[in-house]
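Feature annotations, courtesy of TrEMBL:
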- 413-436: domain 'Caspase family p10' (DOMAIN)
- 7-27: transmembrane segment (TRANSMEM)
- 39-61: transmembrane segment (TRANSMEM)
- 81-107: transmembrane segment (TRANSMEM)
- 127-149: transmembrane segment (TRANSMEM)
- 156-180: transmembrane segment (TRANSMEM)
- 186-209: transmembrane segment (TRANSMEM)
- 230-251: transmembrane segment (TRANSMEM)
- 263-280: transmembrane segment (TRANSMEM)
- 313-337: transmembrane segment (TRANSMEM)
- 349-370: transmembrane segment (TRANSMEM)
- 382-398: transmembrane segment (TRANSMEM)
- 404-426: transmembrane segment (TRANSMEM)
Amino acid sequence: MSPRRRVFALAWPLIVSNLTVPLLGLVDTAVVGHLPDSRFLGGVTLGATLFSFLYWGFGFLRMGTTGLAAQACGRDDLDDLIRLLGQSLMLAGLIGIVLISLHPLLIPLGLQLLDGSAAVTAEADRYARIRILSAPAVLANYALIGWFLGRGYSRITLLLMIVNNAANIVLDLAFVVGLGMTTDGVALASVIADYLTMAVGIGLALRAWQGWAWRRVSGVIAAIGDYRRLIGVNLALFIRTLCLLFAFAFFHSRGAQLGDVTLAANAVLLQFVLLASYGLDGFAHATESLVGQQIGANDRDGFRRVVRAAIEWSLATAVLASLGFALGGEALIALLTDLPDVQAVAGRFLPWMIAMPILAVGSYLLDGLFIGATRTRAMRDTMIIAVAGFYLPVWWLTQGLGNHGLWLAFVSFTVARSLLLGAVFWRSWRRGSWFA
């Protein structure tokens with residue numbers, strides 16, 4: 001199979017998987033939105049937002065596992081693959097238990113920061129105290145998806161997403177419509193769906209061990225206690241993710257200071273960023289897997305071919321997204337909001353969205369390249385520099401431009417990430433240290 005076909009074959013299930021995510025939110029909204037009081041919908045929305053931010057911070061479990069698994073797959077090191085999965089699942093379980101233990105502190109603090117009304121916050125608290133019980137399963141699913149993706153099994157990651165979303169939807173309807181539950185029913189549906197997905201994922205992983213002598217498997221698992229490599233990779237990714245979370249939180253907070261209409265318009269425009277990311281992320285994740293495998297196999301020519309194919313697909317996706325936003329941006333804004341003042345403000349800033357996919361494509365692609373190579377310290381360092389050296393200074397200097405200044409700062413941050421990671425890669429490649 002040619003590199004172009006390999007990249008696309010890995011990417012399309014991931015893109016479809018990304019597209020299934022909004023479906024669950026749509027069903028949650030439709031189910032809870034028909035309850036007699038709006039506080040239920042507000043509570044689910046606020047609670048889901050809290051967990052989106054909380055779990056996003058632990059996305060390193062997926063990324064770190066992908067890079068290490070891909071390299072082990074390239075070396076054809078099955079012992080290391082089993083050890084890595086065991087380590088990642090144990091780390092996910094430990095973090096999940098810690099989150100459950102700390103939930104009496106985390107949930108009130110998070111809801112206070114989100115600043116909802118008293119009635120909505122009460123429902124969100126009810127939702128969150130049930131939803132937190134799925135933390136070990138959610139994080140274990142990150143590890144499982146990363147492991148399967150690293151091995152090149154992107155269709156299994158799609159299957160796991162379908163299982164999770166389908167179970168969530170069925171249980172939402174059963175608990176809320178059938179049993180008359182409210183926010184607690186939506187939360188309980190998510191908890192059960194997460195553990196079901198984890199069980200399916202572990203079952204599929206165990207199938208990969210068929211034909212192995214149990215003594216050999218148990219011997220590999222016995223050596224599972226050496227976490228230095230996994231923690232080294234994941235700690236750098238965790239810091240990098242915290243910086244990214246800060247960048248988005250800062251964007252929202254500065255936008256809020258510009259007024260409610262501007263805040264709402266920016267929320268609409270960020271959906272453009274999200275839409276573009278579905279495609280760009282798919283090819284970036286495929287790059288992680290294939291690059292890691294080439295590095296594990298020490299195949300420099302294969303590495304070049306994979307990177308070239310990933311660049312071609314990513315650029316094509318970015319150009320198509322920009323063209324789509326240029327031709328249909330106004331219609332998409334109208335679809336996302338029917339408020340005339342929000343539509344007008346969002347329309348004024350649409351040119352930023354048209355340019356964003358092309359300006360951001362490098363950051364997605366290079367993230368995939370560095371994750372596959374497990375060069376996570378470089379990702380951490382360049383992210384810190386992009387935030388502290390570009391994002392915040394540009395925002396400070398352009399405050400007089402209002403929302404245009406805020407978007408300029410955000411775009412500068414994105415471009416800086418691309419340029420900095422590109423410079424690190426080029427220097428390493430010229431020195432011949434990329435495969436060291």
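Quick reminder: no glycine exception, Cβ is built from N, Cα and C everywhere.
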Considering only Cβ pairs under 8 Å, which range in 39-61, 186-209, 349-370, 382-398 makes the most contacts with the transmembrane segment (313-337)?
349-370
State the non-local partners of the transmembrane segment (349-370) in its own chain: residues 6+ outside its ends, Cβ under 8 Å from one of its Cβ atoms.
265-266, 269, 272-273, 276-277, 280-281, 283-288, 291, 307, 310-311, 314-315, 317-319, 321-322, 325-326, 329-330, 333, 376, 378-379, 403-404, 407, 411, 414-415, 417-419, 421-422, 425
So, by DSSP, how many helix, strand and coil residues make up the domain 'Caspase family p10' (413-436)?
19 helix, 0 strand, 5 coil
